[in-house]
């Protein structure tokens with residue numbers, strides 16, 4: 001270390017030279033011996049000072065050339081790559097764990113050996129290479145994700161459901177503690193709440209006409225108004241610049257400043273709404289029993305389905321396949337698509353009416369609550385119940401988080417359940433009580449926050465482990481700028497999915513329907529009277545220079561006919577051999593079954609060298 005004198009100057013130690021530090025490519029072998037002129041200059045010869053300077057500069061140039069040659073020699077492709085003059089102990093890319101690759105796997109590989117078209121096969125091979133590269137890069141960069149998800153853990157013998165929100169807010173940092181707050185709005189309630197896809201903006205709609213949009217993290221009020229009539233539901237559309245409000249009579253579209261953009265009078269008496277972001281569809285259910293779809297991008301109604309089930313006030317969507325789930329007073333849940341006038345499936349879930357439905361983001365599990373005070377969990381893939389238990393007060397509202405936590409609104413109590421699809425749950429994960437009855441629940445995306453709308457206003461709860469820790473900025477970015485929002489909106493419009501592609505299993509869209517193709521071929525054969533794809537009669541190709549004479553044509557025809565005949569004979573022999581083998585096998589089985597026990601005993605005695613008299 002350097003030492004300091006009393007005058008404040010820093011004096012380097014004697015073993016540290018003040019000259020230029022040596023680089024790793026400047027080895028001891030590359031040193032240039034001092035010439036006589038430089039020795040003379042060091043000894044104090046004043047006569048040849050200028051000549052010594054010139055020769056010294058020339059020697060410096062020689063040293064630079066030699067070092068450049070060495071660097072070129074080290075970077076030659078024939079030799080191993082070196083780092084700081086040493087061999088790399090870990091050559092090649094870093095290995096990737098198999099479990100990390102399975103995490104980012106998206107479906108099965110395409111079977112290229114079944115593709116006969118050469119151009120199509122090459123194109124599919126390029127796509128598979130891109131998918132493999134994307135999967136490996138995502139698994140490799142998974143280590144760089146900055147956040148990790150966690151859950152609330154109590155002390156030994158302590159239940160997490162008794163921990164209060166105030167205690168959590170005081171225990172965490174200031175930024176996380178500010179996410180717990182209460183908005184006292186007791187004049188125009190109860191309130192319905194809805195978050196944007198990136199979890200940044202909050203939309204509040206009071207039953208008595210109050211509408212407000214808030215940046216809930218900075219607590220900045222964006223828009224506030226009163227429509228002077230009752231509000232049944234409110235939903236954000238494709239971005240935070242537009243939202244839809246289901247008012248007493250009709251459906252209204254507003255912008256982020258509260259300016260009315262459109263009034264849709266053919267959407268009357270709407271009670272609940274769901275927005276499909278990838279299809280730009282707003283699905284509504286009304287008190288008259290109609291399920292209607294509105295295309296936001298073109299502003300037209302694309303489907304109006306009469307469900308014939310009476311008043312519809314229980315509705316949710318499956319984020320995986322964009323199927324709408326409706327609950328009915330008969331205890332059934334129906335699944336709907338805009339392409340059919342009949343339900344895709346119908347499930348009997350409760351003995352009483354259905355009060356609430358929720359589907360997780362993977363589209364695998366569906367939770368329902370009914371008037372029989374039961375909370376049921378179903379596997380949508382097999383339509384079978386997984387869990388069923390009784391809640392004393394019953395659940396009027398349900399909501400799944402991004403990490404599969406289930407929130408249930410029971411009167412004025414919010415209960416959050418953890419790992420409900422993995423094991424039987426005896427008690428809730430967290431509980432919280434509000435002043436009046438709950439009117440709406442929703443987890444905030446990418447945040448450990450649960451928004452609760454009730455009669456006294458709005459409450460933001462801290463639920464550790466509820467949100468996804470890391471977000472994809474190309475999918476939904478909470479910190480996007482105005483320019484990024486505009487570009488993402490244009491990209492979403494270009495990649496818009498048509499409503500005709502909404503099906504129960506979206507993975508079936510890329511497959512080939514061989515049964516339909518075979519049926520179309522049979523119909524074509526019946527219509528034409530012959531098979532157009534059948535192998536036709538061989539016609540020799542015309543050749544020049546006298547090679548298409550009558551004799552040569554006849555020889556080629558005979559050769560092809562001989563080869564076809566050999567193929568037929570070979571095929572018939574193989575079929576006869578297989579039939580003979582099958583016949584012998586059947587005879588052997590019948591003989592074994594018809595043989596008596598005494599005959600089998602005689603056979604064994606004969607093999608053992610003994611004899612038996614009848």
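Along the chain as shown, residues are numbered 1 onward.
Just so you know, glycine gets a Cβ as well, placed from its N, Cα and C.
Under the heading region 'Disordered', TrEMBL lists 1-96 (among others).
Per TrEMBL, compositional bias 'Basic and acidic residues' is recorded for 23-38 (among others).
Among the features that TrEMBL reports, compositional bias 'Basic residues' is placed at 67-83.
Within its own chain, the coiled coil (117-144) is flanked in space by residues 94, 96-97, 100-101, 103-106, 109-110, which lie at least six positions past its ends and keep a Cβ under 8 Å from the stretch. Among the features that TrEMBL reports, coiled coil is placed at 117-144.
Among the features that TrEMBL reports, repeat 'WD' is placed at 347-388. Using DSSP to sort the residues of the repeat 'WD' (347-388) gives these counts of helix, strand and coil: 0 helix, 25 strand, 17 coil.
Confidence in the domain 'BING4 C-terminal' (428-506), given as mean pLDDT, stands at 92. Look at TrEMBL and you will find 428-506 tagged as domain 'BING4 C-terminal'.
If one looks beyond the region 'Disordered' (535-560) by at least 6 residues along the same chain, no residue has a Cβ coming under 8 Å of a Cβ in the stretch. Annotation comment: TrEMBL describes 535-560 (among others) as region 'Disordered'.
According to TrEMBL, the compositional bias 'Basic and acidic residues' annotation covers 576-589 (among others).
The feature region 'Disordered' is assigned by TrEMBL to 576-614 (among others).
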>> Going by DSSP assignments with H, G and I as helix and E and B as strand, what are the residue counts for the region 'Disordered' (535-560)?
In response: 11 helix, 0 strand, 15 coil
